[in-house]
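The following features are taken from Swiss-Prot:
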BINDING   Gly40, Glu41, Asn42, Gly43, Ala44, Gly45, Lys46, Ser47  ATP binding site
DOMAIN    8-243  domain 'ABC transporter 1'
DOMAIN    254-499  domain 'ABC transporter 2'
Amino acid sequence: MKDSSNLLEMRNISKEFPGVKALDNVTLKVKKGSVHALMGENGAGKSTLMKCLFGIYHPNSGEIFISGQKVQFKNSKHALDNGVSMVHQELNQVRERNVMDNLWLGRYPKKGLFIDEKKMYDETEKIFKDLDINVNPRDKVSTLSVSQMQMVEIAKAVSYKSKIIVMDEPTSSLTEKEVSHLFKIINKLRKQGISIIYISHKMEEILEISDEVTIMRDGKWIATEKASDLTMDLIIKLMVGRELTDRFPKKDHIPKETILEVNNLSDAKNELKNVSFKLRKGEILGIAGLVGAKRTETLETLFGLREKGSGDIILHGKKVDNSKPFKAMQNGFALVTEERRQTGIFGKLPIDFNSIIANIDSYKTSTGLLSNGRISKDTQWVINSMKVKTPSQKTLIGSLSGGNQQKIVIGKWLLRKPEILLLDEPTRGIDVGAKFEIYQLINELAKEDKGIIMVSSEMPELLGVCDRILVMSNGMISGIVNANQTTQEEIMHLSAKYLSVTGGVNNANQIKEKV
């Protein structure tokens, strides 16, 4: 007999792929009008379970019940038509069409033979008003922020009269204010009796918004608990199967002499204003700041992705020309970008291609063809040295967990033997166990005398991994602090230092470095 309080029951779900048992007898029960968090390390089976619910995969065994009725969705459209929606981490929208087109694509309201644009507009406006979404239905999607695009996807789910909405890492690219707005919308949906399955690695958010939490590990159900009964330490223990006594590895690298000097660096748009700092060999230099501080822009200017306006980049005491990425690469710089899926990997291509793409010319033989032997050897080096979990070099990189994808992105750059490694949000979208492995890798690279500059929005990460932290505010440096002598409060204070400044430049002489 099914529990009438459960809107969704997935019972004993198993799913196998060639050589891999992705799900092993997993049960998930979600109450009506609740927020049910689904947690686990990358590769735990969360996405596979949701794809079984959404009709993308068909389980080898097990049953799915919605409102007590057994269902078996043929595909995602079948799931949508029956009240199950999914808001993907990679937002699936037609950017050059307007908002209401995206909302009603493939099911436009008709007036005779023609699309009823007035009805489409009115219906969209009504949903937006109900959810407190401040977006014009006639605006092009390409003009929206990531947060607004996400709201449109949620509105689309509501337009399908969904009873269950799956949200996959919904806050990964949102500001604190946008997260707060999202939570207000989730609470409105909850009051309407809609159930939310919320997938995230951000434990603070999980504990704030969720009613219940289900934790998975290695394709198995581990526990389902009330969120109010959980702590971050207990969640970590359940996720990884062991206690993590330290979230960060011991800093056992020793910074040496200065390797890089950046003097009065500004970009051509003058969004960066006279940024100056030094980086030592074997040092991990963090960059902190609020959204809009121009942290990513700093890395992009150093790497030649963004046009430099003025200033000098000095490596080993000599000025270098990093006006283009290929020149920066020749000068020993490497950049791991923030948006891994968009700019870091070729998701539909195999691991071997993704491992050698940054150095592809070096694999050409005298005939102009690529040396498959050398490609295989170097790919295996990346897999082994980065501890990538994969069945084959030919596995599509897009099928790997976020942590394994990021290891390959870092590994491809290490094949070029860079001296300066620029890391932009290197652990974004990566689970707690894989994060620790990335931290260990960064520490090992520092021990090999690489100079590392790391942007992160996670304050504990900067304090736990870095030697010094450069704080930015409104495109300017507001302070450089020693990581083991500062606090989150001091960094936040420095982050807000120039928020009222609309012009002018930063006086480097006013910066007090705590070293």
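Every residue gets a Cβ built from N, Cα and C, even glycine.
All protein chains shown were included, and the count of other CB atoms within 10 Å of the CB of Gly43 (ATP binding site) stands at 23. Over the domain 'ABC transporter 2' (254-499) the predicted model carries a mean pLDDT of 90. Taking all protein chains in view, 25 other C-beta atoms sit within 10 angstroms of the C-beta of Ala44 (ATP binding site).
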